[in-house]
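Undergrad: Structure provided below as structure tokens; questions to follow.
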Amino acid sequence: MLRKGEWVWVDSGTGVPIGARVKVTDTGHQLLVDDEGKEHKLSQKEDSIRVMHPTSVEGVDDMIRLGDLNEAGLLRNLLVRHRQGIIYTYTGSVLVAVNPYQELPLYTADQVRRYHGRRLGELPPHVFAIADTCYFNMSRHNRDQCCIISGESGAGKTESTKLVLQFLAAVSGQHSWIEQQILEANPILEAFGNAKTIRNDNSSRFGKYVEIFFNKDGVIEGARLEQYLLEKSRVCHQAMEERNYHIFYCMLTGMTTEQKKNLCLGDASEFNYLKRGDCIVCDGRDDAKDYTRIRTALKILTFTETHCWEILKLLAALLHLGNVSFEASILDNMESSDVSSSDHFTIAAKLLEVQPASLGVSLTYRSFMTNRERVSKPLSSEQAADCRDAFVKAIYGKLFIWIVGRINSVIHKTPTNGPKYVRNSIGLLDIFGFENFASNSFEQLCINFANEQLQQFFVRHVFKLEQEEYTKEDIVWKNITFNDNTQTLDLLVGKPLNVLALIDEESHFPKGTDVTMLNKMNQVHAKCNIYIPSKNTHDMEFGIRHFAGVVYYDSRGFLEKNRDTLSSDIIKLIDTTTNKLLRQIFETQLSANVVKNPAIICALGAQTDGRKQVSTLSGQFRQSLDSLMKALSICQPHFIRCFKPNDNKKSMCFDRDLCIRQLRYSGMIDTIRIRKLGYPIRHTFKQFLQRYRVLLKTTVCDPKTVRHYYLEYDDDDDDDKDDRDNDICYFVKKRRAAVVVQKHWRGYKDKNQYRKLQRGFQRLQSTIRGRLSRLHYLKELAAAVTLQSQVRGYLARKSYKSKREAVTVLQAHTRGMLARKTTNKMRTDVKEVLSQSQQAAAEPEPVSEQEMVETMFEFLPHKVSVGGREGPAPEGFEVMLTTNAPVPVELPVVEYDDEDEEFSFIKFSALHFQGSATHSHITQRLRQPLLHHEDEGDTLVSQHQASVSLRGIQSKDGIFLPLSHMQHYKLGEGRTLDRPISDLEKLHIIVGYALSRRDIRDEIYCQIIKQLVNNKNQKSSLRGWVLLSICLGIFPPTELLIQYLESFLRRGPSSYCPYCAERLRRIVANGERGELPCWIELQAVKTKKPTQVSVALMDGLSVSLPVDSACTSAEVCQALAKKVNIKDTYGFSLYIGFYEKVWSLGSGGKHVMDAISQCEQEVRRKGEEEQHASWRLYFRKELFTPWHDSSIDAVSTDLIYRQVIRGLKSGEYHSEKEDDFVQLAAMYYYVTFGSTNSVESAKKVVGECITTELIETKSQGKWIQLVTAAHTQVLSTDSVKGDVVDYARQKWPIFFSKFYEVTQMSGPPLSKSNFIVAINWNGISFQDEKEKKLLELPYPEVTGVNKSSLATLRGQFILQSVEAGEMADLIQWYLEGLRERSVYAVALQDINRQDDPTFLSYKRGDMLVILKDGEYSPDRGWIKGTNERTGNTGAVSTDTVLVLPTLDKPSDTTLNVFWLYYSQDSKVTLVISLVSLRQPGKEGGRGAQARGREKLWAASKEPIKQPLLKSLFSKRLLLSLAFPSPILKYMGDYPIKQVRQPIELTDQIFGAATQHVPLQDEVYCQIMRQMTSNNSRMSVDYGWQLLWLCTGLFPPSQILLKYTQRFLESRPREPLAGSKAHCSEFGRQWEKLFEVTSTSRIRDLVRNIAYKLILASADGYSLFMKTPNKVVSLHDQNYFFDSLRETTDQPKKTKRAREAKKGATMPYLVIFMRKLWFNVTPGRDLTADLTFHFPQELPKYLRGYHKCTKEEMTSLAGLLFRVKVDTDRSQFVMIPRMLKELVPADEMKTMSPEDWKKAGITLDEAKVAFLKGICHWPTFGCAFFEVKQTSEPSYPSIIQIAISKQGVNFINPKTKEFLVMHPFNRITNWSSGSTYFHITIGNLVKGNTLLCETSLGYKMDDLLSSYVNMYEMQRQAVRPRNNSMTRKIHLIDRTSNLMEEFNYYIAFQLV
């Protein structure tokens, strides 16, 4: 009786039962609902119903565990798991994979890590489990593995292959570039070898076998691809709803418009080869994106751009050939054809690079040889089309083979470790699945033949070999019947006259046809039950019963495809092409000389190696397949059987009939049976002995000995010999021994368990007893506490009572005193209230702030004239005239009582105010100045201005006396004018005093601030703030007051506080003003807005710019250049014009408002009003550089050109030669009107270029004639404007000069002592006021310059000038620029080095030409030069020559003057200091008696010929090693070419000394000798480096030790002199020295360093090896010396044999710093913050990697400024020069110096505060890499990749916005090459890939690996081991050839 809900099996009508569930209806009847949802009536007599086993209800992971072991059980298990979204199922060790036809989250990096290292069956079935099993077996057993992935087309074989490959690359763990190259081969092969078919959107139309090679460590080191039988016919023909190969559609979709235009391509619908299947677009595929992926893969696999373009050309040619048609015709009564005229034919010939005529003949004619002559036969149109298709298929097939070969050349490298080197491999077979279409051709026969071979391999491995093994071992076993396809293989290839042999035989017959072939097959195999012959003679089909079913083949075209031939005409055509790639892919055919014999028909697949020639396609395929099967047979196989659930490619759709068919022919049922009943564990004798050796009675474990012993034992026992002979199970029968072992093991386990239980009871007892004891103690403690509390309470109450009585008495007296004070204060307050009420009654109604300001500035006109133009106010000034309704606004009273603030004005007043003056507002006049003044005049002025300020603030008259009126006042007398002082005059009095007397500026500010503090009068307070605003725009306070003023401004009213603070910042940054405030400046103060001024350009345009009181000409020039986009800004200056006068403000620190004020004062002197001053601002070119290039900046050139033309017309530029005017006018003519001549144009040019005076002097017609004639000679170039500029620059240098008024104090006599110095690009000119030249000095004659003197070859001029500093800087800048670019030098002394060809010999005064070819480094004091006198070339010391500041060869006059100057010996002397290490000479010096003995201890440019120490003379073998030339070369005192590395020199210096102790003191002496009296600072620095290294390698002897110490102590200022700790014998050890032994691991060193540095934790820190090329992170698990040798030996592998000499190693530096930024909280570990975090994060911030607000930048800049200067306030003026050290590079222009001032914290606190300020940014701790990418079109081409603990961030470098952030669990794979970095995001199936071009890929790779490993270790909760070994690491940079397996000292740099 069935119950409700019970599962049963019912008959489905198809022969396979279906699962059903019992259901009870409402009426009580029972129904069966099957798995498809159909209902069946339940009959009581139903015998076919069987109860379902519980394992079949929910499904199982391994189908061996099924209770219903039949087809129905297997089918339902797959169905149930498919509906649950589980696509993988085990059948023992065979994996069944059902294609889900959808994306599943099963292929992430987490899944890879989950399955890696786990046994098969521990986790749910997965393709990764099979892949890991392959990897594990290969690593453990050192045996090659293979994975055969089989199934029908569309079952998912290709995807499974890719997943296995990606898994192997991931578990290899190296993320190497070769791994990525192997993975990237798939996209290329899929593009060229896969296509959309009816059953599969990505069907592989070829087979491939990928063999991945691993080294002994399990790391991928290469791979090899084998391809089988590409379906070439698809290129020309496709079935309906099918497409051509993917590459064609991707190419047409993804190429740029320009590329498609070059290849004459359009849409895919335009080409016949792409639209024959009537399917252009494939749903689910993005062809454009795939094209980008293909190009990325090609780039990774080293396909160059040329290769890619050549491939595209061939593909485009194939498409164009497909559109070529043929017209039928009759020729000599024979069918012929001609190529139809079309552009496609011509384009195809052009792309193939052949002649169109030759291509046409090759396609329409066939040549062959008769007995005696060559015959050419025309082809019909159909034959011509077939010939064209054959040509196309041949090209595509050969191209595919070439691509595979190219890939193999990259990923398959022959082992270089010798013939004994063995590497293991894992092979992945992804071959075409079994195919059965409506029409099957020759390709399907070959494909199905391959599947038959694989099925036989599976059958043989699973069934045959298994059962043969059981029979061999005499195991009782009943053979299992299984489906064997041996008969099918015999039919195809096994029998003598098999099918493929008959096809090959018929292919060799010239007259063989498809019909004759089919007849032979029908005749030979008619009686075979596997072969199905054709039904009649007209039927061209035959059938074969395959293991997967019957397939009928259409024999038409079999022979043609099997022959796979190409006519000799086509081969001959290819031989004529110039297309390199086309010739390369047909290289085999072209080299076979087939062209010489046209009768030969070339087989495309013919082999040219030593093997037997195979001419047919089936023969080649069979040969390849045989080699494949041999390769598989020697490997341990693993099987993945891919099933497809339906033919419609739909997800969640399960076709039972299709699946049961696949189950049947795959042999799954038989596989389950044999796996379930058989013995899956089989060991060899050696393995068995190793596992069960415990059962032996002897300790001998040698397999030969044990086997021999038991064989002898068997010989003694004749009765049992037959039973035990060759029986490996003999040991198992030793049951007694096994029982004994088990008994003792179980007893041991039980005893351990009992002891654990006993210890647990003991711990429980102790816990209970302890708890009882604690309770008893707590009770006694509570009682004691109670007693104590009572006693203490009594004592406390007694003490309190006595104190209370005393306090009461004290309170009584205190309250009386406070009451009396309160009464007195109340009386005072009453009086003040009465006084204020009276004042309030007298005051008018409250007015608004705007009305009060208008009243104060009523002296300003409502409409002002700017720049001399009267009328309405200019743009930006209208707001000044707007009158708003008065709104009463009260300024808050500044109550400044915060005495706790550091820079409180209260503190300042208490410290610096005189007498009883306070900080608060008063209403009476000051009796004395607030501050003390040394000058009596300053005191009187302070008192006078105090009265003016006080009246200005308190009275209605205002607060403002012009500086010009100050002569009417005598100090101390007060006002003497007969009229009241106006507001403007009061202002001028105050400002004038401040400008004329710097020492009273703080007095003015203090008086103003004092009157603002606690000032309750709104009008008075507002006047005070206005006065303060004006003063802050004119002059700054001193350093004494500035911080107190800043503090005061921060507490001011909001309407004036920011405005005044900004004006203070600006005036401090730009310096004080020199003139009184001008009208427009006061207008700006009135509105608190910047003033707009108009600057005129030379092209007639005007630019409006905002300016303020502190604005300088440099700021205006910079803003103007930026606005009009001027790049070459040098020499442009701001000019101001006033009436007829124009003068330069330069482009420096001159204030613009001072110039405007001067104009207004001039107007006032004339009796006019200041607002009508007619001034204008201009932007002009003032100076040129000697190296000026007009082609650099077209904008600046145009402005200068306009300036020159305007100057010509205005008469500003004048010349005595009229030809100058004619030439310039002619060029202007050409620029304006071109080359066309006309009288009107010439007349207009003359009028615009020639002055009126010149026209009147010579008639206008004459000028027109001259200009027209010159115009015809103007060369037609694009740089005529530049020619104008260069012409004017060359002809009139004086007009582009900077002029300075000077007074000569001394020097060579001149006609006048007061004159003008004109400085321009040509030199320096002395002129009088009438422009008469007194002296001209070219720059080569100038030898030096400073603020007071000008040194020249003619003598030294002592000049005095107001602008001496600016003049000296300009001359010095010109001299340095010219010397930097000059190639001319003059010898200062004689050098005769004929014995050494390296040096150049010359005499004093010789002209030397410098050769800047980079052979010598000027930084080391050597250059390469040629002596003009002798013509010789060699090395020249920069100390012996003078580089002339000139771009042209100096004239003879200049050289003569130079000779006269340097002919005096007193001018050129070499000062040699004799301060040296002399005393060692007495002890151990050579003591030579020759003269000049002292020079032995002084530096020399020449190597000494003998050693310094006489002790070496007795050791003849060491004399040759003691010469100091390497020391001189290293220090730069001897020329050395740049190709020599410093490490080579240090090897020569220290190498012999480390091996020979007597040489060590000689090295010390020679280094110190060369450092003594050495005038070259650079040479001394290099000497300190050598001495520093020397002290770290070996100590001096006891005799030399004290002298060496004295040498070091005599130079205390040298940074390395005190570093004695580098040598252990020199004194106490330095605390940062660490010892390294041969067993030191990197992780141990990191922990020890962290411990010695007192870091909170060593987590995240790492060691890095810095080499000249890169910085490499050292792996934590490696030994230190292994990593060191690996890094330093790397260059030896890349050097050529002639360069790989002994001892040539790479210099390096070991660095310790933070690598991983996790758990970093600023302030928690101060040492880490100061030593590592701050120095590592600061460069990232300054490079502009972070995105931050202006407020954050302001705060951080203040902190960095504090770090730079500490408490040195004098450095504030240096802020503009420190910008790059304070703010990010890209944000520098948005900041101002005043925003960065911050004080009150220490240096360390500032660093920590900086870290705290940036730690909340998402990019904190990131490592930034700027890369170039082309993979993602939505990203910019240049992006930043930031790697942090959160993951990988892609950032737009321009906006700093995050493009995307990928956590580490989404990063599937990554790898790096020499110039590329590749990363895959998402799952392994359809992950997004990004290819980046960068040379830092190795850093990104290492950083990603470190973060991922860190999180993986945290996830697994694995703690690192501690190692307590002691280590020392010495801080020196050593060379690896000096290292041995002992204690070494290695340089560590603490970042």
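Glycine too: its Cβ is placed from the backbone N, Cα and C atoms.
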Undergrad: Identify the region 'Actin-binding' range according to TrEMBL, selecting from 625-647, 763-785, 1821-1843.
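TA: Spelled out, TrEMBL records region 'Actin-binding' over residues 625-647, not the other listed ranges.
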Undergrad: Suppose we draw a 10 Å sphere around the Cβ of Gly156 (ATP binding site). How many other Cβ atoms does it contain, all chains included?
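TA: That number is 25.
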Undergrad: Which whole-number mean pLDDT does the model give the region 'Actin-binding' (625-647)?
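TA: Mean per-residue confidence for the region 'Actin-binding' (625-647): 87 out of 100.
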Undergrad: For a quick check of understanding: among the binding-site residues Ser153, Thr158, which residue's Cβ has the most other Cβ atoms within 10 Å?
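TA: Its Cβ has the most other Cβ atoms within 10 Å: Thr158.
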Undergrad: Residues other than Gly151, Glu152, Ser153, Gly154, Ala155, Gly156, Lys157, Thr158 within 8 Å, Cβ to Cβ centroid, of the ATP site?
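TA: Near the ATP site, the remaining chain residues are Asn99, Asn200, Gly433, Cys642, Lys644.
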Undergrad: Would you mind splitting the region 'Actin-binding' (625-647) into helix, strand and coil residue counts from DSSP?
TA: 9 helix, 8 strand, 6 coil
Undergrad: Taking 10 A as the limit, how many CB atoms besides its own sit near the CB of Ala155 (ATP binding site)?
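TA: Excluding its own Cβ, the number within 10 Å is 24.
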Undergrad: Near Lys157 (ATP binding site), which residues of its chain come within a Cβ-Cβ distance under 8 Å, counting only those 6 or more away in sequence?
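TA: Sequence-distant Cβ neighbours: Ile149, Ser150, Gly151, Ser204, Asp430, Ile431, Gly433, Cys642.
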Undergrad: Take the domain 'SH3' (1380-1446) and count its residues per DSSP category (helix H/G/I, strand E/B, coil), listing them in that order.
TA: 8 helix, 26 strand, 33 coil
